[in-house]
């Protein structure tokens, strides 16, 4: 009653005798009181899940027992299952012998007695023995059926039946992976992984060098042994047809990796090897990498997702061993360290670039064999007019009419070698060196075409002459502009100069990059027009070649 101490008006309950009240209660009322007290103050020793009031307890409405009903259902279901099993293969007698003699049928003439058990006489121990006996008999029947196709149960239960030991036959089934002549199961049932490859057939094809077998796929075959993988690697040493060898998720270890390494040293036809998701350690991977030093054919190698971690030392050793390799293009492994990862990326990029250059060189050689001597004439024809528009306008910026002549000659030159294969006649000898070019007032010499024909000139001297001539021209232009800017107002000539500015000059103003020494003929012409004036123009006779 201490729980009501927080309420008011408890004085009227102080005179009540609790013992008298409890004595006056009946048994049912006492049970209800106990339940109420359990709800108010549950037992702290009980777990939380058992402290609440049970709401599933109900009084039975008749002679019903739930436990007896559940036991009856279990027994009936077991009997139904046994009847179904026996109905498929016939009536099979139940043996009461020990578990050691379950798979052996004795030669004795004793008949197996069938006992019928009632529900009242069955006990738990006998039920367990009966279930074990029926399961083991079913296994023996299924194994015998898988080996011999059908089982004659009359001969099994006959008096003069010979002993049939199925253990050795079951072991033979496991060794041959279920491949029997009379077995009509599908390949998916033979290999639960879904790989339809038949191991023995594939090995025979590799040994016989079958031309149709270009890929050996052993992926996801779990029951393949390491000795079988070693046999595959040894058979591939002499094979010249197989290009791809993949054995991912086959539980391959270092011994299989060593065999693959020995195979790669000898075989010069396999281009793709996949050993992902296996039990290979760093020792086996390094053996394969050392074998690649003697292999110049393999282009793709995958060994990611191994059971053992490679480690930093193994990754660095892999990079060292692959530095000299020039044929590997794809490597299926994620390096943990950034240093080996970047080094391996650069190695693979280098190899791909070498392959690309090799391919381009082969294409050029094929074109050379097809073209023959005509290619030389084509190259000479292309090379002769290409150099003319870059040098001539710089030496003659003061005479505007000469520049269009050069442009016309440049435009008219490509037609001459096409019409007549021999080269054009040589022009007159060149003028004296840059002593006449330095002073700005006199016009420059005629177009320096003979200099282009000279083959023995030095590039450094030509560049120096161009730079000196350009500086002299710029100095002369600055002097003339300084004198004439005051006299000339804002005229139409300035607007023309601004409109004739090339795109390259606008880009050069934005950036601080120096101008390139070589420019096109159009830009040189525009520069000469902007730097010239009407007073500088002179009449020039048209040359005989253009009349």
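Don't overthink the numbers, they just go from 1 along the chain as shown.
Using the three backbone atoms N, Cα and C, a Cβ is placed for every residue, glycine included.
Summarising the annotation, Swiss-Prot assigns coiled coil to 16-41 (among others).
Taken from Swiss-Prot, the feature coiled coil covers 113-148 (among others), and the record attributes it to sequence analysis.
The annotation compositional bias 'Acidic residues' is assigned in Swiss-Prot to 95-104 (among others).
Marked as compositional bias 'Acidic residues' by Swiss-Prot: 112-139 (among others).
Feature annotation from Swiss-Prot assigns compositional bias 'Polar residues' to 149-160 (among others).
What Swiss-Prot records for 352-367 (among others) is compositional bias 'Basic and acidic residues'.
Sequence annotations record features per position, and here Swiss-Prot assigns compositional bias 'Pro residues' to 419-449.
Marked as compositional bias 'Polar residues' by Swiss-Prot: 465-475 (among others).
What Swiss-Prot lists as compositional bias 'Basic residues' is 477-487.
Under the heading compositional bias 'Basic and acidic residues', Swiss-Prot lists 494-512 (among others).
Sequence annotations record features per position, and here Swiss-Prot assigns domain 'WH2' to 521-540. The average pLDDT for the domain 'WH2' (521-540) in the predicted structure is 81.
Taking H, G and I as helix, E and B as strand and the rest as coil, DSSP gives the region 'Interaction with tropomyosin alpha' (1-47) the counts 27 helix, 0 strand, 20 coil. The region 'Interaction with tropomyosin alpha' annotation in Swiss-Prot covers 1-47.
The region 'Interaction with actin 1' annotation in Swiss-Prot covers 1-161 and is backed by experimental evidence.
Swiss-Prot lists 91-162 (among others) with the feature region 'Disordered'.
Here Swiss-Prot flags 162-497 as region 'Interaction with actin 2'.
Under the heading region 'Disordered', Swiss-Prot lists 352-533 (among others).
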Per-state residue totals over the compositional bias 'Polar residues' (465-475) - DSSP helix, strand, coil: 11 helix, 0 strand, 0 coil
Composition by DSSP (helix, strand, coil) of residues within the domain 'WH2' (521-540): 11 helix, 0 strand, 9 coil
